[in-house]
Every structure is written in C-alpha cells, then in structure tokens.
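For 20-41, 72-94, 106-129, 168-189, the entry in TrEMBL reads transmembrane segment. Taken from TrEMBL, the feature domain 'Connexin cysteine-rich' applies to 122-191.
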Amino acid sequence: MNNTPPGLRLLRPPTVIGQFHTLFFGSVRMFFLGVLGFAVYGNEALHFSCDPDRRELNLYCYNQFRPITPQVFWALQLVTVLVPGAVFHLYAACKNIDQEEILERPIYTVFYIISVLLRIILEVIAFWLQSHLFGFQVHPLYMCDASALEKTFNVTKCMVPEHFEKTIFLSAMYTFTVITILLCVAEIFEILCRRLGYLNNQ
C-alpha cells in the first residue's frame with residue numbers, strides 16, 4: 001500500500017507519457033541547452049567581427065544580428081512552457097488531489113488537459129518566434145546596415161563565428177520543440193484513453 005501523501009505523489013505526472021516528457025524536458029533538453037548551448041554561443045559576441053574591425057561597429061551589428069541571444073530566448077521558452085503544468089500541480093497539491101483522481105473526476109481531467117494544451121500552444125508560439133528571430137540556418141556572413149551608426153559604413157560585411165555548429169544546434173532545438181509537442185499530443189490521447197477505460201470499468 002502506498003502511504004505517500006497525495007500532494008507528494010502528484011509531483012509525478014499521472015500518465016506514462018507525461019513522466020517521460022518530464023524526464024525528457026527536465027534532463028535532456030536542459031542539459032543540452034545549459035552545457036552545449038554555452039559552449040556554442042557563449043563567446044559569440046566576442047568573436048563576431050565586421051569590416052572594418054571596430055569595437056562600436058562590431059557591437060552595433062551584433063545587436064542587429066541578435067536582437068535577443070539564443071540562450072536567453074530558449075531559457076525563457078523552457079520557463080514559460082513549465083508554467084501551466086506547475087500551476088496545475090501546485091493547485092492539485094494544495095487540494096490533495098492524487099493521480100487517480102485526475103482520471104476519475106472529469107473536472108480534474110479537463111483541467112489537466114487544458115494545462116497540456118497550453119504547453120502545446122506555448123511551444124508552437126516559441127517555434128514560430130524562433131523561426132523569425134534565428135531562421136533555420138546560420139550563414140557565415142551577415143550584411144549589416146550600419147548607416148545609422150556612421151554614414152561612411154553604409155552596409156558592412158560581418159563574419160559569424162562557428163556558423164555550422166550553430167546551424168546544427170539550431171536544428172536540434174527545433175527538433176526538441178517538435179518532440180515536446182508530439183509528447184504533449186500523445187499525453188492527451190493517453191489521458192482520454194485511460195479516462196474511457198475507467199468509465200467502461202465502472
């Protein structure tokens with residue numbers, strides 16, 4: 001017999017796919033971003049150089065090239081996507097709702113599905129923003145319009161360091177987003193199937 005308090009048992013998602021999603025999200029994705037992301041993007045601003053190689057020009061063009069740094073964007077994405085599930089789990093812990101009750105009581109099932117749907121929506125929005133901010137490929141050269149900084153610059157050519165590694169990393173982050181969306185969709189189907197199974201057994 002499980003003597004664990006209901007609030008603590010709920011720290012684990014009520015579905016098998018949800019538990020795998022938590023492991024995938026919490027371990028692989030965060031490790032990939034925290035360790036490899038820093039290795040790939042950590043010193044990008046220092047090695048970003050333009051012609052002529054002047055500090056103010058390099059900084060101006062880098063800010064144009066990167067309105068937001070990828071590490072900050074992906075960290076915000078991870079935190080934002082965690083919010084719906086965290087809110088539901090906090091509510092469930094306060095109400096002492098266990099895993100079985102989520103599937104047995106329709107109102108809790110609906111609330112949990114809504115939290116998963118919100119995760120899907122947030123991931124889709126993040127995918128769209130990422131495609132507009134960073135594209136799908138990092139090119140070795142960036143043409144910077146520096147006329148606002150000094151008219152003699154006009155359009156200057158800048159070198160993007162380690163562009164191939166960044167393209168691979170960018171593709172991996174897109175893949176993680178797609179996998180997360182698919183896991184969320186599969187989790188909804190698992191919840192509905194288990195809910196139907198519970199109703200049939202009554």
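Each residue, glycine too, has its Cβ placed from N, Cα and C.
Same-chain residues lying 6+ beyond the ends of the transmembrane segment (72-94) with a Cβ under 8 Å from its Cβ atoms: 7-8, 10-11, 13, 25, 29-30, 33, 37, 102, 108, 111-112, 114-116, 118-119, 122-123, 126, 129-130, 133-134, 173, 177, 180.
For the domain 'Connexin cysteine-rich' (122-191), the predicted model reports an average pLDDT of 88. Secondary structure of the domain 'Connexin cysteine-rich' (122-191), assigned with DSSP and counted as helix (H, G, I), strand (E, B) and coil, comes to 42 helix, 10 strand, 18 coil.
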